[in-house]
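K.L.:
Sharing a structure with you now.
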């Protein structure tokens, strides 16, 4: 099985090294094409106004000055000697759950792989802070991901669907199970902090946070809060199908394919 790895935290990220160890428990044919620099929060963006510069580190490790989407395209269309059987994106430092999946470059790597017709999985590891220090229990994802991915590959999933895996903030031996979940909902809280530079001109820092909101029992949020691994199937079709009939009636048009 040929596996392509990417991420959004960059080629030097610890999570990418964890992902490679996970992948090597599944196959010896593992390739890495990851961003040269941190691309967190760039979602499914791709580079159109600048050239893509590819740096070969060794036979199967490449760094690209581009986004996770760029990396997947580069890997599939140029770097690999043939199409991959699986694309793994991650392991992200921090969970990618609920609405955050729309911002996530990690999830976007799996989205692009799915668009290219390759089975794709995004992996993220929740963490906590001790003072100013981020504590990421990488061993949780590294321990549980290989067997979970094997089972998922054996089960299979439809075209146009990617899998979003999130590992809880607990030790590997403290995980209480795996849940197949729905994408949750968090309260949106984005703020701008205006400051002044040395010449008095304004600039801004974006503070991105989440407020409290009701949590559904079947959601990805509830799963990782319960120290369970969350497996969320996401599909690329963004159509709000339940609303189509209502809009068709309101506009007096015939709903096709309903």
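Note: Cβ is positioned from N, Cα and C throughout, glycine not excepted.
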K.L.:
Can you match one of 27, 40, 120 to the divalent metal cation site that Swiss-Prot gives for 8, 9, 92?
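P.N.:
So the divalent metal cation site in Swiss-Prot includes 8, 9, 92 plus, from the candidates 27, 40, 120, 40.
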K.L.:
Look up residue 92 (divalent metal cation binding site) in the DSSP assignment and reduce it to helix, strand or coil.
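P.N.:
For residue 92 (divalent metal cation binding site) - judged by DSSP and reduced to three states - the answer is strand.
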K.L.:
Rank the binding-site residues 40, 92 by how many other Cβ atoms lie within 10 Å of each Cβ and give me the one with the fewest.
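P.N.:
Each of the binding-site residues 40, 92 was scored; lowest Cβ tally within 10 Å is 40.
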K.L.:
Residues other than 8, 9, 40, 92 within 8 Å, Cβ to Cβ centroid, of the divalent metal cation site?
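P.N.:
For the divalent metal cation site, the extra neighbours are 7, 10, 13, 15, 38, 39, 68, 90, 93, 94, 104, 105, 106.
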K.L.:
Of all the binding-site residues given, 8, 9, which residue's CB has the most CB neighbours within 10 A?
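P.N.:
When each Cβ's neighbours within 10 Å are tallied, 8 tops the list.
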